[in-house]
Amino acid sequence: MNKLSPSILSADFANLGADVKRIDEAGCDWIHIDVMDGMFVPNISFGIPVIKSIRGCTDKLFDVHLMIEEPIRYIEQFKEVGADLLTIHVEACEDVKTTIEAIKKAGLKVGLALNPPTAVDEVIPYMEMVDMILVMTVNPGFGGQSYIDECTEKVEVLRAVKEEYNMDLAIQVDGGVTLDNVNVPLEAGANVIVAGSAVYKGNVEENVKRFKEIFNK
Ligand code: DX5
Ligand code: ZN
C-alpha cells in the first residue's frame, strides 16, 4: 500500500495544531516533519519543542526528516517528544552505520536519505539495515521547488535491489511531488510520497483525496 506523508513545512505555523489535524482527518498516512539546522541546509525550520506540541494532535506516525549535521546527538530528544521514524542524511553523518544502530537501539524506525547530487551507491550498502530510503527529488531546505527528473532513476535502482534481495523496506520520495507528477515516482517504485505545497495549497481535503485516488488506481 502506498502512503502519503504530507510535509507540515507548508502548513500555517500560526495554526500548526489545526493544520496537523486537518491532514490527519483528511486521511493522510504519516506526518512528515522537516527539521532543518541552518548548517546541513541553508534554512532553519523548527525543532524538538514544536514536535512535542503537535504530538497530541494526531496518532499518525511521525516521519521526522532530519536535515541536520550529526543527528546522532539528538536521537533521545526526538524519541522523547514522540518521533516514530527518524530519517538521517547519508551526507550528514561522520559514521552512518553507528547512527543507524543508535536509532534502532532507541527503538525507533530509521530512514536514510540522499540528496540529488549524491550517488545511489552511497546508500545501497545500508539498505539491509534501515526501514526506509528517502530519495530527495529537490535540494533540501525549502518547500515549493520543482521535482528533479534525474532523481527518478535512483528510485528504479533501489527498487531493483529491493526486489532482488527480497528486502522489506520503504522507498520514499520528497520534493516537488504534485498531483500531476506523482505517477512518475510511483511507477519507478516509490511507496511513500511526501508532498508539502501540493497538499497544503488550495483545498487540503480534496488534495489528500486526489493523491489517494491516484495511489489506488
Ligand atoms: C525539503 C523538504 C520537503 C519539503 C517538500 O527540504 O524536505 O519535505 O517540505 O515540499 P514540497 O512538496 O512543496 O516540495
Ligand atoms: Zn522532507
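Positions of Cβ are set from backbone N, Cα and C atoms, glycine also.
For reference, TrEMBL has these:
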ACT_SITE  D34  active site, proton acceptor
ACT_SITE  D174  active site, proton donor
BINDING   S7, H65, G141, F142, G143, G144, D174, G175, G176, G196, S197  substrate binding site
BINDING   H32, D34, H65, D174  divalent metal cation binding site
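Those residues noted as binding substrate (S7, H65, G141, F142, G143, G144, D174, G175, G176, G196, S197) have their most widely separated CA atoms at a distance of 16 Å. In the set G141, G143, G176, S197, none of the binding-site residues has a C-alpha within 10 Å of the C-alpha of H32 (divalent metal cation binding site). Of the chain residues outside the substrate site list S7, H65, G141, F142, G143, G144, D174, G175, G176, G196, S197, L9, S10, D34, V138, P140, Q145, V194 have their Cβ within 8 Å of the site's Cβ mean position. Remark: G143 (substrate binding site) has S7, L9, S10, D34, G196, S197 as non-local neighbours, by Cβ distance under 8 Å and separation of at least 6 in sequence. A Cα-Cα distance of 10 Å separates H65 (divalent metal cation binding site) from the residue listed as 'active site, proton donor'.
Proximity to ligand 2 at the level of Cβ atoms, with a cut-off under 6 angstroms, picks out none of the binding-site residues G141, G143, G176, S197. Excluding the listed site residues H32, D34, H65, D174, the same chain places S5, S7, L9, I33, D63, V64, T87, L134, V194, G196 with Cβ atoms within 8 Å of the centre of the divalent metal cation site Cβ atoms.
Non-local neighbourhood of G176 (substrate binding site): T137, V138, Q145, S146, Y147, I148, each in the same chain, at least six residues away, with C-beta under 8 Å from its C-beta. Between the alpha carbons (Cα) of G141 (substrate binding site) and the residue listed as 'active site, proton donor' lies a span of roughly 11 Å.
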